[in-house]
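Visitor: Let me begin by handing over the structure; questions about it come next.
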Amino acid sequence: MKIIFTKVLFDNYVWIMFNSSKDCIIIDPGESNSVIKKIKKLNLNPKIILLTHNHLDHIQGVKNLLYKYPEISIYGPLETQFCGTKNLIDNRNTIEILNTKFYIIPTPGHTNGHTAYYCPPFLFCGDSIFSGGCGRVKNGMMIKMYNSLRTISKLPNDTLIYCSHEYTRSNLEFFKKIFPKNLNILNYYNNIKKSKTQCTLPSTLKIEKKINPFLQLNNTNLRHQVKIHNDLSFSLNFFIYLRKIKDKS
């Protein structure tokens, strides 16, 4: 399987996975025109759409793709049913599409039904985790997002992180100010800032465990750099604190 992307809207990535027969899977089409253009250019045959959650910047290309390719099958959580999902994955552990197995990983927090698709070593994770950060959390779902990130962190270190937004530079620019002594964050930020390549993805889980504070919640050195009075002795409290200060930025 090969994976390519097309950039849509402002900073969204639509990932396209295809096999030797040029049958392809489209992940989170937030817009359709760029996707169709890419498909035609490479002579791909769209067979499947995978949706991670129901936000418009991930689904608003579905309608036109379905009109253009009426035989396409759509997979997603229940919350995406309104946009044409016929193959619901909420109660499934795996799906097999294009002779390839995908593990279904519930990752609630950004939305209640948010789901990631894991086809080792590829993780299509939507807005759950970003390079250097994580998705905004829906009201009342801090614990769910915390647990979702813990689930992702248990995957193999060689897991390739295919998230849906190009936020790496802005995430690290923020966190290098919060954790100025963290050389992993600073060095990685400087490297991507110098790079002529705009796309910083995919990342790897191994890299994220070094540069992403949301995957270092048990790191006492990071906690000690945060000079506040809140009780940060527990990793959940540290996560909530980091997410709240990031939301204010």
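In case you wondered, yes, glycine gets a Cβ from its N, Cα and C as well.
Keep in mind the model is a prediction, meaning the values are calculated, not measured.
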Visitor: Could you look at Asp23, Asp127 and say which one Swiss-Prot places alongside Asp57, His58, His165 in the Zn(2+) 2 site?
Guide: Asp127
Visitor: Go through His53, His55, His58, His110, the listed binding-site residues, and name the one with the sparsest Cβ surroundings, counting other Cβ atoms within 10 Å.
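Guide: Candidates: the binding-site residues His53, His55, His58, His110. Fewest Cβ atoms within 10 Å: His55.
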Visitor: Please state whether DSSP places Asp127 (Zn(2+) 1 binding site) in a helix, a strand or coil.
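Guide: Its secondary structure by DSSP: coil.
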Visitor: For the C-alpha pair, I'd like the distance in angstrom between His53 (Zn(2+) 1 binding site) and His165 (Zn(2+) 2 binding site), rounded off.
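Guide: Between the alpha carbons of His53 (Zn(2+) 1 binding site) and His165 (Zn(2+) 2 binding site) there are 14 Å.
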Visitor: May I have the list of same-chain residues other than His53, His55, His110, Asp127 whose Cβ is within 8 Å of the Cβ centroid of the recorded Zn(2+) 1 site, in sequence order?
Guide: Thr52, Asn54, His58, Thr111, His114, Gly126, Ser128, Gly135, Ser164
